[in-house]
Amino acid sequence: MAEGSEGGEPGCEPGSEPGSEQGCEHYRRGCRLRAPCCGKLYPCRLCHDGAEQHQLDRFRVSEVQCSRCRLLQKAQQRCEGCDNLFGEYYCDICHLFDRDKKQYHCEECGICRIGPKEDFFHCSKCNLCLSLSLQGKHKCIENVSRQDCPICLEDIHTSRVGAHVLPCGHLLHRTCYDEMLKEGYRCPLCMHSALDMTRYWRQLDNEVAQTPMPTEYQNMMVEILCNDCNARSTVQFHLLGMKCQSCESYNTAQDGRCRLSLEEQ
């Protein structure tokens with residue numbers, strides 16, 4: 001299955017260079033941000049947002065405090081007082097300080113992404129950086145990255161959790177996708193199969209053939225709608241599943257508008 005970029009800001013590397021604080025659970029950095037909204041000092045915007053009733057605007061950060069000498073100064077990569085390195089990676093747009101993880105700032109996304117940059121491209125329609133392996137091979141949905149994850153209902157575009165692109169084009173957090181597969185195989189938004197089910201469908205063919213239906217159901221025909229190709233079919237009813245006549249998927253739903261016996265056809 002194809003996967004998207006790492007999403008939002010890179011994350012979680014506790015620890016910092018000798019002589020400075022470790023930063024926080026989210027980032028490895030040698031300074032604290034002075035929140036432009038409330039004037040308080042926090043290791044990062046995530047720590048701020050977790051403690052306050054409002055969100056820190058990363059783009060408006062203009063001051064930082066050195067974790068080594070405590071000097072309050074303009075946002076920059078090194079301390080002007082003791083030369084402490086605030087972050088191996090520093091973006092003067094997002095004011096992101098962190099250990100070097102090949103990050104890069106994407107102008108189109110408007111935020112920093114985990115790289116390396118040459119391994120990703122920005123899809124202008126999806127409005128998201130995606131792996132080069134997906135270029136020309138994924139279904140585009142306009143501004144899909146600006147939608148919340150349908151599993152956890154949290155933001156995808158700026159999340160530190162990577163995005164997973166489903167065959168239907170919808171996005172889930174990669175961790176949410178893994179959890180979803182423990183319970184089912186369908187996109188929670190459009191019900192399209194979230195992975196290649198061909199092998200399982202052929203196994204189901206054998207099970208259907210070997211499982212006779214009770215007499216009262218043997219001649220019943222029903223109309224179905226396929227969640228994978230959107231085609232409608234009239235097929236013989238079976239408790240194990242009903243196969244789409246167009247794409248041979250069992251990811252179907254009974255329409256309920258047609259219940260005819262074979263004798264009435």
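Including glycine, each Cβ sits where the backbone N, Cα and C put it.
Features of the protein shown, as given by TrEMBL:
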- 1-10: compositional bias 'Gly residues' (COMPBIAS)
- 1-20: region 'Disordered' (REGION)
- 11-20: compositional bias 'Low complexity' (COMPBIAS)
- 17-84: domain 'CHY-type' (DOMAIN)
- 86-148: domain 'CTCHY-type' (DOMAIN)
- 149-190: domain 'RING-type' (DOMAIN)
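In terms of DSSP secondary structure, the domain 'RING-type' (149-190) contains 7 helix, 8 strand, 27 coil.
Mean pLDDT, taken over the domain 'CHY-type' (17-84), works out to 90 on the 0 to 100 scale. Assigned with DSSP, the residues of the domain 'CHY-type' (17-84) fall into helix, strand and coil as follows: 10 helix, 14 strand, 44 coil.
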